[in-house]
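The structure appears below as structure tokens.
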Amino acid sequence: MTSSREISPSDSQEQRAEAEGEKDGTGVVQDTTCSVQGPSSSDSPVSAEQRDEQRTVLWLFKRVSPKTPFTMRSQFTYIFHRNYIMTLFMFCCPVGLVLHHTSKNLRAIFAINLLSTLPANYFGNLAMTEIGLRVPRLLADFLSISTGNLIQYISCVVLLRTHEYNVLQTSITGSILANTLFFLGLSIFVGCLEHSEQNLNRSAAHIATNLLFLSSTSLLIPTASHLLNQAEGRDLLRQSRGVAIVLLVVYICFVICEYWTSWEAFCGKDEHPVAATSLRPGHLSQNRSSHTLVQGDGAEKTADDDAPAEGFLATLKNLAVVDSEPHLHFIVAVLLLVASTALLYFNIDYCVQSIDGLTKVVPLSKTFVGLVLFPLANVDYVPILLAATGELGHTVTQTVGKSIQTALLVMPAIVLLAWTWGLDEVNFIFNGFEVVSLFAAVLLVNFLMMDIKLHW
């Protein structure tokens, strides 16, 4: 370590420059070796790490390089050989498009196009996973949540365009119920097969559940006014549009808070990590610390994280490990995302156009189609994979985050979009069953997050 010294009049120009460089920690460029002297010892490793994290947050894209160069063959193999089931279902996409124009069998048109949304949504999530490797983890989670709601966005716009208002409202309610109850519950069950107990980030979990509670409570205001005959007609419409604007402002503030002003709180680790214990017979405690709701990119891995698993959990872990490095070029990932989005739009559009005829020939109601079938088509396997690998915090981020985005962004945006299109039938008035079931599901999630410990 070179100590700083005083500059004497007899020093040469190079010696004076070197002495000044030692004082300010910038170093001097050596002409012979073209090397740069590092910063002085006054810069601690902690401050350097904090500066790197700040640069990562301010600069959206990170440099990632694959172990082997990208080739057309390797990228094609990765896309279509990673999940053979989805690749087989991919043939339903062109079949559904052809059936819409050539067949009058509404049951076949609806079923094939609904199945086509599964591979299209899968390839869209795969493309967004590759794009997410090039951005910070918080932004990657946000993009993943937004892409996971692609079916919700497209179906709401198509249902609004075709004036299927009842199916539109029930599909929004069903999406929130599916994410907060079915997908979250299934992920917790799968994750706790490998880990006895996992902790969450207290601050991030409370903020997420409070926002979800706020969004569900906002639905009660126009609905209560309608049921209690406190407002009618134009007053209810103005009330719904006012609530939509407030919810959009709340969501914008939440995004600014999570991804800009208070990102440290969302990246923080859990306050009381608990060692995880495997439930497999004969396996000792693996002493893995619980993962948080949102972690930074530099989370350390233990030796047991790479230990081979068996059976169903091994399959899930292998699928999750594949996403740890880039396999697609950035342009290829963007093109794959655009193509899958276009396929989703046409398949959902043809599904919606066949709803009327389907309910006449099949004993199914439009409420069942919107509350059950459309949300199940938006199935996302990523939270289950994260839970299987011990990252239950990111599972909660995916499931609860999608519900928050649906309640605070999708639903208000649809109300305001209907306002711009002159459609006065779209509002925040839901029937009693939808409001009660939604409110009960949100209360259950709030009680679940209260202890910050999840187990089955």
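Note: Cβ is positioned from N, Cα and C throughout, glycine not excepted.
Marked as compositional bias 'Polar residues' by TrEMBL: 1-12, 29-47. Annotation source TrEMBL lists compositional bias 'Basic and acidic residues' at 13-25. As annotated by TrEMBL, domain 'Sodium/calcium exchanger membrane region' applies to 141-257, 333-450. Here TrEMBL flags 1-50 as region 'Disordered'. The transmembrane segment annotation in TrEMBL covers 83-102, 108-126, 138-160, 172-192, 204-222, 242-261, 328-348, 368-388, 400-422, 428-449.
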Per-state residue totals over the domain 'Sodium/calcium exchanger membrane region' (333-450) - DSSP helix, strand, coil: 95 helix, 0 strand, 23 coil
Most Cβ pairs under 8 Å with the transmembrane segment (328-348), selected from 138-160, 172-192, 204-222, 428-449: 138-160
Selection from 172-192, 242-261, 368-388, the stretch that has most Cβ pairs under 8 A to the transmembrane segment (204-222): 242-261
Recorded stretch that, among 138-160, 368-388, 400-422, has the most CB pairs under 8 Å to the transmembrane segment (242-261): 400-422
Criterion met for the transmembrane segment (172-192) and the transmembrane segment (428-449) (at least three Cβ pairs under 8 Å): yes
Stretch-level contact, the transmembrane segment (400-422) and the transmembrane segment (83-102), CB cutoff 8 A, at least 3 pairs: no
Tertiary contacts of the transmembrane segment (138-160), as residues 6+ beyond its ends and Cβ separation under 8 Å: 57, 60, 117, 121, 124-125, 127-129, 131-132, 167-168, 171-172, 175, 255, 258-259, 263, 266-267, 294, 337, 341, 344-345, 348-349, 352, 374, 377-378, 380, 382, 394, 397-398, 401-402, 405-406, 410, 414, 417-418, 421, 423, 426
